[in-house]
Structures are given as C-alpha cells and as structure tokens.
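Have a look at this one.
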Amino acid sequence: MEMHSLVFAFNILATVVWCAPPRCEPVDEILGRCKSRGPFQEQPECAELELGYCDDMPYDYTVFPNILEHRSREEAEAGPEYLLLSVVHSLLKGECSPDIRMLGCSVLAPRCEGGAVHKPCRRSCEEVRRTCAHAFEGIDMAWPYFLDCDRFFVSDEEGCYDPLAMLRERQEVALARFSPEEPSTIIQFTYQSNAQMINVLKKTAAKCSHISRTYSIGRSVEGKDLLVIEFSDNPGQHDLLEPEVKLIANMHGNEVLGRQLLIYLAQYLCSEYELGSTRIQTLINSTRVHILTSLNPDGYERAAAEVEDNPEPENQEGPVYNGWTSGRANAQNLDLNRNFPDLTSIAYSRRRNKRYRTDHIPIPDSFWYGSPETYAVMKWIRSIPFVQSASLHGGELVVSYPYDFSKHPLEEKMFSPTPDEQVLKQLARTYADAHATMSDNNTNRCGGSFAKKGGIVNGALWYSFAGGMSDFNYLHTNCFEITVELGCDKFPAEEELYTEWKNNKEALLSFMESVHRGIKGVVKDEDGNGIKGARISVRGIRHDIRTAEDGDYWRLLNSGVHVLTASAPGYSRVMKKVFLPARMQKAGRVDFVLQKAVLEPDEPDLLPADTYDRFDPFNQLERYSLGEQGGGGETRQEKPWWWGYFTQFGASAPTWLLRN
C-alpha cells in the first residue's frame, strides 16, 4: 500500500513538473524574452483558443500560462512574439507562410486536452527551420528565440503533436490533383518573389542534395543574396576534365523571363535526374552546371512592383512595354552590363602588335568603381574554370556574341569579330537553332530582322557598348559567353510562362551539352604533376586558354584540322596536330607532357601580369561598407528596415531579432 502511495505521489509531482512553464533565465529576462514570476508559479489551466492569428490551429483549447509564461490571452497578444506572427507574412513576402505562423502559435498557444499540455514536435520545428532559415537571413533577421527547437519543442517519445499536420494534409490533397499517367516533372509556372525564388532553389538543392547545392557569390547593393544553384555528380568540387558551364539571368532587373526559365530549369534538372532521364543524368554526371537565376534582385523588385501597381494600363503600356527603364539598373542606378572593365578597347589598341594576344588581359588599376554585383561576378568567374556561359536578357529575339563593343569608336553598328568568330557563331547558333521560333522567318520580331541571319548577330553589329559582361569573360578568362535575348516582352504575362518554357527548354539543354565540343586534356610535367597556367595555343587563332589548378584544360573548337601548342614558363613547347570530325559527340582528348628546359627569356608582355593578390574587390568593398563610428571608436549599427514594425505600436523592442 505504501508503494502505491509513493508511485501516485511521484506521478502527481511529474505532472506538475511537466505542466509548469520553463524557468525564466536571467539572460532571457534581460533580453525581454520572458518575465520572472518569483517562487510561486501559477498552475496551467485550459482555455478556449481565441488568438486571432492562431484560429486555424488543429485544436480548440490552449493553456495559460503558456510555454513562454504569458498568463493570459491579453498578455500573449501584447507581446512581440505575437506581433511577429501577425506581420511575418509581410516581412517574408509570403515565404514560409503559414508554416512559421502555425509553428509559433504552437508555442504561444500550445495544445491543451484533458487538463494536460501537449507540446509541439521537435521534428516539425527542425524541418521548418531547415527550409525557412534563409528567409530570415534574407532580411537580416535572427531566427526567433521562441522557435528554438531544442528548448520549446519535444520528441515523439515525449508525446508531442505535429502542429502542421492539417497544413500537410491540405498540401497532399492539392498535389493529388496532379496525377499524370507517367512520372513527370511538375513545375508551377508562376512568378516568384526574391524570397520565394531563394526558397525554391534551396528546396530543390535539398531534394537533390546528392547532385546539387546552393552557394552565394555575394550580395546586392540592398543586401540580397546572389544565390547560385549548382548541379554535378560531385557538387562543390571541380573534377578533373569535367567542363564548367554557367547560366546567368536577370542582369537587367526588368528583364524577367530568363530568371523564371532558370528557376524552372533547376527544378527540371533535379526532377528528371531523379526520374531516371538518361539525357539529364548524362549531362549532370559529365558537366558541372552553375545557375545564377538573378544577378539584379534589387532591380527585379522595382520592376515587379510597377507591374503589380499597374498591370494593364491603356495605350499599349503594361507588361509588354513595362520597364524599358524602371528596374533595369541596380539600386545604385548602374547598368550592370555596362559596368565591367572595358578590356575591349585595350585589345583594339594593341591588336597590330604581333606578340599581343586577346586573352587574359589584366584588369586596369584604374578600375575601382562599380557595384557589388559586378565585383561578385568578377570574383566568381576568376575562381572557377568556366568554359562557356549564357546571359539571358529580354527586349528582342536573337542571340548575340562578342565583341559587343565596336572596333571603331565612332561606329555604333560595325561588325567586330573576335579571333574565335567561328566558334562563338556556332555557340550562338546552337541556342538559336534549338529554340522553337528564334530562327523562324515567320516569327514576329520586335524591330530587328534577325531571322535572315538565323536568329544570331555579332553584338557590335547590332549596337555597340563598352563594359559588357560577355566581352569581359572572353578577354579576361577562358570562358566564352553569348547573350540570349528571349523575346520582345521583357515582363510577359504569367499565362505565357509555360509557352516560353517550351520554347526555350531544348535550347537550354542543347547549349549546356555543347560544352563537350572541341578538345580537352591535361598538361603535365615529366613527373606526372599537372602544370597550372600553361598556355594552349591554336594556330591561326590569336586567343589562348590556360590550364586550371590541376593542369586540365578545355578548348572550344569547331570541326577541322587544328595545330595545338602547349607551353609554360621553364618548359619546352610541345606541338600536336589534331583532326576534329564534323559530328562531334564529345570533346577529343589531347594531353601534353612538357619537359623542363632553360629557355631564352621571352619578350616581356605588353601588359603587366595580373595576379589574384592584386585583384581583391571584396576587401575594397568591405572598407567602404564599414558602419559609422560613434564616440569611443565603437561602430554604431543602424537598425534594419523592419525594426519599425515593432516600435511603432509602443511594443517592447525584440532585440532578440537582431542578428548582431
């Protein structure tokens, strides 16, 4: 009998401990997260759930004091936690909503049944944090303390419940409506905000984590991530002899179709790989693909806001003619495609010298102006041995290729070929010919008669401009880049997105596959070590490429007979003759072994050597972005833009939302 009494007493004690709210730590009280109640704690009592922003929770009764020690509904509604839940949809621009709100409600208004409190599941919290943390990072906000998965949530073994169960059921019912007869990729052909775009890319990378990852190359003027999604059978690492391709869109913020196409492409590559598509698996297993969906997210927001405010204006304005200027530039009002170092003028000024070549021209010391977006791309393309690239724009229906700057400064429309004219023309034709309508004579045009040229044009012959990204790629790195103008409508209606995806899908895939055209190989010394920075020259083409870190290289070439030379300082030259057939299925393999030799010193380069040590734009930017300093030399941090949400109503300031 005494034993039963002890067990009963222990159960009573355990119930009290289980229902009692967690102790308010001193640091939490200082930060305004809770208030100390003293030695005597109120006993929790079940009450009807009457919090307005929590009225769709899958239960009717909650408890006070709640997990955060709010003693009543009124106290809970007056707290910054509840205020955050009421504005989180606006703050995150619809991202992770209603997931975040319902997760927060499970802490502010926990489930109460039969006089007992049921805490939310830790796994639910961890899943939401995994997929939504980036949305808070995107607005420079810390993860809310009351969504600490280890502190306020419990495991299945402790009797937790899933606060998002009903939400998941509704999502499953919606997905069940899509029941194709065969497995296929499901894509929502809608526009995404910047936050939604980031979410799609991160969820795609998480879904296909064995072949994909996301990484940031920097931030925009307004602090938005320039997020890249990468596809490879070994994501995050360069594999020997595996070519690297990049696709960039939304360089002009008001040219938005390319941005959407690349979002869809990322989803398509992930899904088709998982579904067993031989073509997609071959592409990803043999190629490293980098996709930057938006280089100008700040400009996109401005252009999207204009369309939202005035979707169908009269007199042929609206989406078709929208934003020929609005949102085109970045937040500094700089046109990013006029903001790269003008290396083309340098190439022209030295082209009559026999020893001068049009490759790896160093960045002039005078080039210390521009935008963080430009610097981020420059750093990016110097850090990865890209072979080819496409930049997606809008306003015409044509593919242009370098040079974009006229060889005569007074001529705005002058044919200005690079030494790789035929290779770049073939690269442009690859995209145009695979596009559904670009090379079709019957296609309505925006003004240019490019159909007669097969839908491609030399950039300077179309119109000339300096400081373009394509010319910079060609003259400073190994990368060959084309510019794809996707159509007259810079901001097409949402119902046209699916049609444009069908028009461009094959062209995008064919372009990525075309990187396996030409030759590739490894340049080694006599001991079998790869030689970094060795030159690969092609007779008749005054443009060399250089080997990557481990001595591997890729050289885009058309079919025919080519004489190649590999050279490096301190080594003898080696020459080889190769024949490339008309229908190349993959790049030909040409390796070189260089012997060490004492050679006569070559004539000095006409331009000083460029080094990665001298090129340090990020450090330059950091100097200019330091906060103002107050008295005593301390940096005074400005409050983020969303701080006013919490201070305008006189609520206690949630300093726990500040990241630093």
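Glycine residues also receive a Cβ, built from the backbone N, Cα and C atoms like all the rest.
According to TrEMBL:
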ACT_SITE  Glu485  active site, proton donor/acceptor
DISULFID  Cys125-Cys149  disulfide bond
DOMAIN    41-163  domain 'FZ'
DOMAIN    190-515  domain 'Peptidase M14'
SIGNAL    1-19  signal peptide
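A description of the local structural setting of each listed feature is requested, covering burial, neighbours and distances.
Over all protein chains present, the Cβ of Glu485 (active site, proton donor/acceptor) has 26 other Cβ atoms lying within 10 Å.
Around Cys125 (disulfide bond), the same-chain residues at least 6 positions away in sequence with a Cβ under 8 Å from its Cβ are Leu103, Leu147, Cys149, Phe152, Phe153.
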Tally of helix, strand and coil residues over the domain 'FZ' (41-163) according to DSSP?
58 helix, 19 strand, 46 coil
Report, as a single number, how many Cβ atoms besides its own are within 10 Å of the Cβ of Cys149 (disulfide bond).
20
